[in-house]
Amino acid sequence: MFSLLISLELGALLFFVIFSFIAAGKASKLVYNGTEKQLYRKTRKMLFWSVSLTLLAAAMAAADTMLAMTAHPLFWLDRLLVRTPLAVIPVALIWVSSFPRLRKLMQRTSGRTDTPPDVARRRLASEPAFIMPYRLAALCSLALFYFAFVPPIPFQWTAVTMPVTVLLFIACLLWMLQSRQNQLAAEAPLAYRPWRRRMKHTGVLLAAAGLISIPFLTAMENSRLPDRLSMMSGKLDYGTIGSSLLNGKQNQSHNHITKPSSSTAAAAVASIPVTELTGPRTGKADRKFTLTAQHKTVTLSSGKKVEAWTYNGQIPGPELRMKEGELIEVTLLNKDIEDGVTLHWHGLDVPNAEDGVAGATQNAVMPGETYTYRFIAEQVGTFWYHSHQQSKEAVEKGLFGALIVEPETNPSDPYEDITVITHIWDGAGMAIGADDTLQRKAIAPGTLVKLRLINTDDWVRQSYILTGAPFKVTAIDGTDLNGPTELQNVSLDLLTGGRYDVIFTMPDHPVFLRIGRGKSLGILMSKDGSGDIPKLPATTTFDPTHYGTAAETPFNAESTFDREFMMILDNRFAFYNGSFAAYDTINGAVFPNTPMFIVKEGELVKTTIVNRSSVEHPMHLHGHHMLVLSRNNEPVTGSPWWSDTLDVAPGEIYEVAFIADNPGIWMDHCHNLVHASAGMSMHLMYEGITSPYEVGANTHNHPE
Ligand code: C2O
Ligand code: CU
């Protein structure tokens with residue numbers, strides 16, 4: 001519904017721009033008609049343009065009103081207060097002011113003679129009160145366009161006053177010019193000199209372009225990423241202390257203290273460098289792994305070849321399995337990945353220095369270099385690891401793998417444990433690991449089977465459909481759910497980085513896990529591995545908000561929060577590193593102008609995430625798990641739902657909360673890595689933490 005309404009509004013807006021300019025042009029030219037007949041015809045045509053503009057403005061107003069009736073003010077306040085009036089006011093003026101004159105002119109020219117229009121008719125055809133509403137519509141359409149792509153959100157009148165003042169100023173100027181023309185028309189018929197008009201228009205356009213180019217070029221220059229940039233720089237956002245942001249009082253209670261930082265401002269409190277926030281550096285590791293990053297051509301099960309970037313020569317990299325509480329040591333060696341690599345433990349909340357983000361918690365590991373990570377595997381569950389250096393490219397090409405933490409003691413009901421890590425390989429298509437053909441598995445009836453679903457694809461909503469047996473979703477993003485119930489005909493959808501654990505008991509007939517839209521990619525399980533793919537049922541999408549049973553959590557929606565943040569996801573036209581395009585933004589900006597959320601250790605922090613854009617964003621916070629409190633103002637009533645990669649669909653609003661118990665500088669970004677690499681990324685920073693690392697062209701560090 002939300003997507004439909006915003007597309008309707010945007011579509012109507014674009015047509016409004018085009019139509020209003022045509023209408024304004026036609027209206028301005030009426031006075032040049034040489035005969036009454038022509039004047040009559042052209043005047044009558046203005047009716048069409050007036051009605052079209054009215055319909056478009058009505059469509060916009062209707063879409064905005066519907067939004068206002070169905071969604072949170074953050075989705076529509078600017079639309080209803082700024083955009084609707086910008087369309088409706090000029091159209092209303094057309095009907096109040098232009099239309100009576102248009103009718104009068106039609107009556108007076110209805111003789112349709114070939115005589116030139118007399119003074120009265122010429123005056124009427126160029127009267128400012130007749131022509132200006134059309135021109136105003138054109139001006140307003142430009143303002144509409146501007147506000148659609150640079151939305152004043154969270155809503156502030158100050159963001160509106162400047163553009164509206166400019167608009168009014170130009171309107172006054174045009175009114176004066178039109179009055180002048182009106183006088184001239186009364187004196188003698190105006191000769192239509194197209195070349196002169198064209199020259200005049202070009203002149204005006206050039207002047208306007210010149211005027212606009214100054215702020216445009218400055219913005220372009222300002223957006224260039226510096227050669228070296230500390231991850232600690234950026235706008236600091238201390239959030240709001242106390243009251244809820246969601247009960248309609250957000251304007252009054254919003255007292256964000258946002259100020260530009262210098263590294264000294266951030267460091268003023270105390271200063272612990274992230275380099276000290278390591279896991280246990282000494283002591284014998286319980287488990288050691290070595291991962292060697294290297295180029296390798298890998299053959300998929302179908303025989304297709306992939307030019308991959310690999311860990312240990314395989315795609316995905318080896319599955320790392322460990323037990324809860326173990327001290328893990330992973331040595332990363334970069335053999336020949338020129339761009340450098342790191343290891344980030346996606347979803348595992350390790351100490352900051354072990355988090356593997358180039359430029360924030362370490363330098364990228366360049367060819368020939370090694371780096372050692374040591375941490376205690378504290379959470380049980382399904383995770384994955386990937387390089388967080390040029391992560392868009394690195395993950396796309398294969399620098400990732402599954403990471404499984406098993407409970408300390410073996411489960412009382414043992415299960416067949418199957419990791420399903422899916423990826424679309426460049427030029428080769430979708431595969432489960434490196435298997436791009438149907439997999440068959442022999443599983444004895446009665447066996448408990450656990451599937452660990454991990455979507456590693458960039459920008460792909462992957463659906464996993466299990467048919468042939470009822471199943472339970474036992475974990476989301478590595479955290480167990482409480483009291484999961486049996487599901488059937490439900491599709492499990494994951495965005496990049498998300499995970500689901502699924503459990504079922506093997507029946508004596510085949511069970512099929514289908515992945516993606518195609519019919520035959522998946523895992524067919526049966527007692528001897530043979531059998532046909534069962535027919536696929538119609539499915540609904542799994543919704544965690546009311547699944548399972550509620551349970552005690554360390555805090556909940558009723559808790560008093562020490563700090564509250566607002567995270568608004570949107571698109572807007574902006575510059576990013578010198579190039580102008582529509583970007584996905586966080587609080588109106590792209591990195592490094594995105595805010596940095598500042599917290600103190602021990603605080604209970606709530607964030608309201610709002611997606612005003614037209615696409616989904618899987619938001620991933622490093623180092624913490626967020627408890628989902630509500631979605632679209634509806635409280636989560638099922639099992640506690642802890643997430644590290646939250647799929648925020650267009651039009652959705654989530655309240656999440658976490659305890660600030662893991663000091664450091666943590667990335668918080670969209671895991672559609674194309675978005676992250678275009679600036680949809682920010683940081684959560686603990687007061688008093690500093691980082692000696694830098695990103696930028698003159699460093700090797702490019703985390704996204
Ligand atoms: Cu999966 Cu910031 O990463
Ligand atoms: Cu995104």
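Glycine residues also receive a Cβ, built from the backbone N, Cα and C atoms like all the rest.
Automated prediction, rather than curation, is the source of TrEMBL annotations.
Taken from TrEMBL, the feature domain 'Plastocyanin-like' applies to 293-408 (among others).
Sequence annotations record features per position, and here TrEMBL assigns domain 'Plastocyanin-like' to 575-685 (among others).
Sequence-distant contacts of the transmembrane segment (6-25) (same chain, at least 6 residues past either end, Cβ-Cβ under 8 Å): 46, 49-50, 52-53, 56-57, 59-60, 63-64, 67, 79, 83, 87, 90, 134-135, 137-138, 140-142, 144-145, 148, 614, 650-651. Marked as transmembrane segment by TrEMBL: 6-25 (among others).
Residues annotated as transmembrane segment in TrEMBL: 46-68 (among others). Listed as Cβ neighbours of the transmembrane segment (46-68) (distance under 8 Å, sequence separation of 6 or more from its ends, same chain) are residues 2, 5-6, 8-9, 12-13, 15-16, 19-20, 22-23, 26-27, 30, 75-76, 79-80, 83-84, 87-88, 90-91, 94-95, 98-99, 102, 134, 137.
The transmembrane segment annotation in TrEMBL covers 80-99 (among others). Packing against the transmembrane segment (80-99) from elsewhere in the chain are residues 9, 13, 16, 20, 27, 46, 50, 53-54, 56-57, 60-61, 64-65, 67-68, 129-134, 136-137, 139-141, 143-144, 147-148, 152, 155, 160: each is 6 or more residues past its ends and has a CB under 8 Å from a CB in it.
Residues 10, 13, 16-17, 20-21, 23-24, 26-28, 30, 46, 49, 53, 78, 82-83, 86-87, 89-91, 93-94, 97-98, 160, 163-164, 167, 170-171, 174-175, 178, 571-573, 582 of the same chain lie 6 or more positions beyond the ends of the transmembrane segment (131-149) yet place their CB under 8 Å from a CB of it. Taken from TrEMBL, the feature transmembrane segment applies to 131-149 (among others).
Here TrEMBL flags 155-177 (among others) as transmembrane segment. Long-range contacts of the transmembrane segment (155-177) within the same chain, counting only residues at least 6 positions beyond its ends with a Cβ under 8 Å from a Cβ of the stretch, are 73, 77-78, 81-82, 128, 132, 135-136, 139-140, 142-143, 146-147, 251.
With a cut-off of 8 Å between Cβ atoms, the residues of this chain six or more beyond the transmembrane segment (203-220) that come close are 575, 578, 580. Annotated transmembrane segment per TrEMBL: 203-220 (among others), in sequence order.
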